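**Q** Pasting the feature list from TrEMBL:
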| type | residues | note |
| --- | --- | --- |
| TRANSMEM | 21-40 | transmembrane segment |
| DOMAIN | 74-258 | domain 'ABC transmembrane type-1' |
| TRANSMEM | 81-103 | transmembrane segment |
| TRANSMEM | 115-134 | transmembrane segment |
| TRANSMEM | 140-159 | transmembrane segment |
| TRANSMEM | 202-222 | transmembrane segment |
| TRANSMEM | 234-257 | transmembrane segment |
Amino acid sequence: MNHRSQPRTLFRIRRDIPPRLFNTIMAVTFLLLIALWYAGSHFSGINPIFLPTPEATFAYLFSVLQDGSLWGDIGVSCYRVLMGFLISVLIGVPLGLLSGAYKVVNAVMKPLIEFFRYLPVSALIPLIMVWTGVGETAKITIIVVGAVFSMTAMIADIVKNIQIDLINTAYTLGATQGQVIRSVIIPAMMPSVMDTMRMVMGWAWTYLIMAEMLASSSGLGYSIMIAERFMKTYIIFGGIFVIGLLGLLFDRIFAYINKRLFHWAEDL
């Protein structure tokens, strides 16, 4: 079929659209969700205890932003998730690189990774609390345990999928193993590593909220847990809304960094 005869449509496979249109569609989708929430809370007859109105939720958020209590919870939660995420990256990326590059390392790491990556983190929380207590170390450890094994496996797969011709060409030109890793493997893996880090950041928020609900006296997860005890669902909705916005913010930061550093890779 002649390419020019194909209809101009937004729904052609992998067709690019202008960034402004993309952002507009995202904003409209978000507003539609708010509108559905408004309609459901006002006209469905559902008890406000189970489905609070947007007005009640945003009034609560406005009040806690004004008195500063929400900022404290956001700061504490962001500190915990960033520390857990950074430790996971510092452990997972080197181990994944070595596991993907060297079969002998993969033989050592694979049983451990495959065993721990499928364990539910919630099952390990009691043990982590016994070992580390209920302080900041426990919460950060929960995030690390939840993220590092999957990250290591994903990084290893990225390295394994690098074209072997690139590595063989480097060896043919006289490169050492260290030079191959520094000049071929690391540059080739970094765009995909950034995408992996975006995914792991999302998991880190999940594990953080789980940890704060079970063993904390501060943070967004703790405030949601307290609201649940008193059936204040507008606070729960507010906490969910804030967590979603923070997740979106972190995701966009990673996407921006990826585009700036690796603009030659496929557009995000």
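Just so you know, glycine gets a Cβ as well, placed from its N, Cα and C.
Please treat TrEMBL annotations as automatic predictions, because they have not gone through curation.
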**Q** Based on Cβ pairs under 8 Å, which of the stretches 21-40, 81-103, 115-134, 202-222, 234-257 lies most in contact with the transmembrane segment (140-159)?
**A** 81-103
**Q** Determine which residues of the chain contact the transmembrane segment (202-222) at the Cβ level, with the cut-off under 8 Å and only residues 6 or more beyond its ends counted.
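**A** 72-74, 76-77, 80-81, 84-85, 88, 121-122, 125, 129, 134, 138-139, 142-143, 146-147, 150, 239, 242-243, 246-247, 251.
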